[in-house]
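Q: Starting off with a structure, shown below.
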Amino acid sequence: MSDQIKFIMDSLNKEPFRKNYNLITFDSLEPMQLLQVLSDVLAEIDPKQLVDIREEMPEQTAKRMLSLLGILKYKPSGNATDMSTFRQGLVIGSKPVIYPVLHWLLQRTNELKKRAYLARFLIKLEVPSEFLQDETVADTNKQYEELMEAFKTLHKEYEQLKISGFSTAEIRKDISAMEEEKDQLIKRVEHLKKRVETAQNHQWMLKIARQLRVEKEREEYLAQQKQEQKNQLFHAVQRLQRVQNQLKSMRQAAADAKPESLMKRLEEEIKFNLYMVTEKFPKELENKKKELHFLQKVVSEPAMGHSDLLELESKINEINTEINQLIEKKMMRNEPIEGKLSLYRQQASIISRKKEAKAEELQEAKEKLASLEREASVKRNQTREFDGTEVLKGDEFKRYVNKLRSKSTVFKKKHQIIAELKAEFGLLQRTEELLKQRHENIQQQLQTMEEKKGISGYSYTQEELERVSALKSEVDEMKGRTLDDMSEMVKKLYSLVSEKKSALASVIKELRQLRQKYQELTQECDEKKSQYDSCAAGLESNRSKLEQEVRRLREECLQEESRYHYTNCMIKNLEVQLRRATDEMKAYISSDQQEKRKAIREQYTKNTAEQENLGKKLREKQKVIRESHGPNMKQAKMWRDLEQLMECKKQCFLKQQSQTSIGQVIQEGGEDRLIL
């Protein structure tokens, strides 16, 4: 800390500050003086900060310094609580806060000067988005941004030129070299002219060469124009694709949507736009006009000092107290009449505030949605340029994902069924093979037994008869089964219809009960909601009344406190006057002449006598001046006449000297006569 203070003191003692501090005087600086030192250091970095803080409010001083420190990117150590401590310390001029700031500023003064200079031109003026809807404002803002970019480019070039080390001597040397080269080129041109003039048809050759140069320039211009048209065509194709995608998305949205939903959405948009145009925007415009009027009024008025501001604050407090008293009188007078209306008014004000808040939220959401759509379109264009494929939009992507999920589940189920069927097929195939082998063995055994008994072919004939009888029985059974199935199906249908009727009867009865219960619950919900709204409005009104009462009591407390301070000041003044009167009485009663001379009465008596003597002398002087005024005026007139006479003689003498003599001047007895 001591090294920090020493560095600050040494830097302040040097140019351009020249404070002549030592450790004792610097450490004994008061908070106001320390803030003035900080303001002087900031003024060295930014000349706009050259302010006498005694003529500035503390809040304005802190705001000005904090804004400049923010531009200079000063970061005090600590968290949010330390930041609040830093702001408070900057307001009151705390040394633990001011010393690190001074040390940081004085360490990098030149760098911060450059940063403050650039901040004047590179801090962008934020324009509200609703103002940018105006074409004039948008064009001006665009021009402003272009000028800012041009300034950045020029500043970079300036810095590069400073780093490159070009000097005026080198530039002059280059200029002289270019002039010499120009002279050489002129000589070469003259030499070539002389050589060409000797050739035949040199004028025609020069004309052809000139035409060739013009055509080459025209060819370059056409190539450049061709490239520009290619770029325009590319941008137009991109724009066409973007518009086609928008049209496709709109058609899909229109195809997916119903007319009722579209009409409902359009009605909501119309209501919202109507509210914005008829209520919100006129209010904001009126508020902005009032604010502009007040600001113009403030700008037109002369600058006010601290005393004027205190006087205005006292007037504002008096007017506020009068307004509160009038409101209280009005409330007391109109309480029985407007008791019921106040509740509805407060409810209406609460609803209007909620409506405005929701409108602002909706406007912000729309702006955010528009920005996200612009960003998404940019990303889609980048993706299309990268791999040439279309990017699915939100709804399309959701449908694609859902379709893919459903197909995936179906695929998994089918795959599982196929695996089960494969396993079952393998098992059945093995069973079939075993049964075939067993059947073949049994057939071989049967044939051998028939051959042994001498009745070969009997089993085959028996099998054929059984097969034919089985087929006949199957056909008969199928016919009977068909009739039975038809009659059974009719019975089932009748029974199913009766069951559904009975089941639906209970369901319909239950549905009626549920509908009735729903209506009762809806009615109860509406009643509870109205009770809640009225209770909330009543609580809101009570809260507003309590806030007004608290505000009024605080104002009364402030008034009583100011009245208390005023009374104390008056008491002190009266005590001083009483002390003076007591001292005067003591001096007047005292027998000491020296004490009597100190009395104010004696001093006033003495001053009165002196003034009377002075008035008497002045009256005598006035009398003398009045008596001598007439002769003096006469004497002054005689002197003026004498002066005119001498001037006339002078003119005559000069005329006599300059012209030829046309007469004779005779002097006799102190008189001059001119004889022509």
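Quick reminder: no glycine exception, Cβ is built from N, Cα and C everywhere.
Sharing the features that Swiss-Prot gives for it:
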type: MOD_RES; residues: SER2; note: N-acetylserine
type: REGION; residues: 2-121; note: region 'CH (calponin-homology)-like region'
type: MOD_RES; residues: THR61; note: phosphothreonine
type: COILED; residues: 132-258; note: coiled coil
type: COILED; residues: 306-389; note: coiled coil
type: COILED; residues: 416-456; note: coiled coil
type: COILED; residues: 490-622; note: coiled coil
Q: Within its own chain, what residues at least 6 apart in sequence put their Cβ under 8 Å from the Cβ of SER2 (N-acetylserine), listed in sequence order?
A: none
Q: Compute the average pLDDT of the predicted model within the coiled coil (306-389).
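A: Mean pLDDT, the coiled coil (306-389): 73.
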Q: Counting by DSSP, what is the helix, strand and coil composition of the region 'CH (calponin-homology)-like region' (2-121)?
A: 91 helix, 0 strand, 29 coil
Q: Check each residue in the chain of THR61 (phosphothreonine) that is at least six apart in sequence and keep those whose C-beta is under 8 Å from its C-beta; list them in sequence order.
A: LEU35, SER39, VAL51, ILE53, VAL91
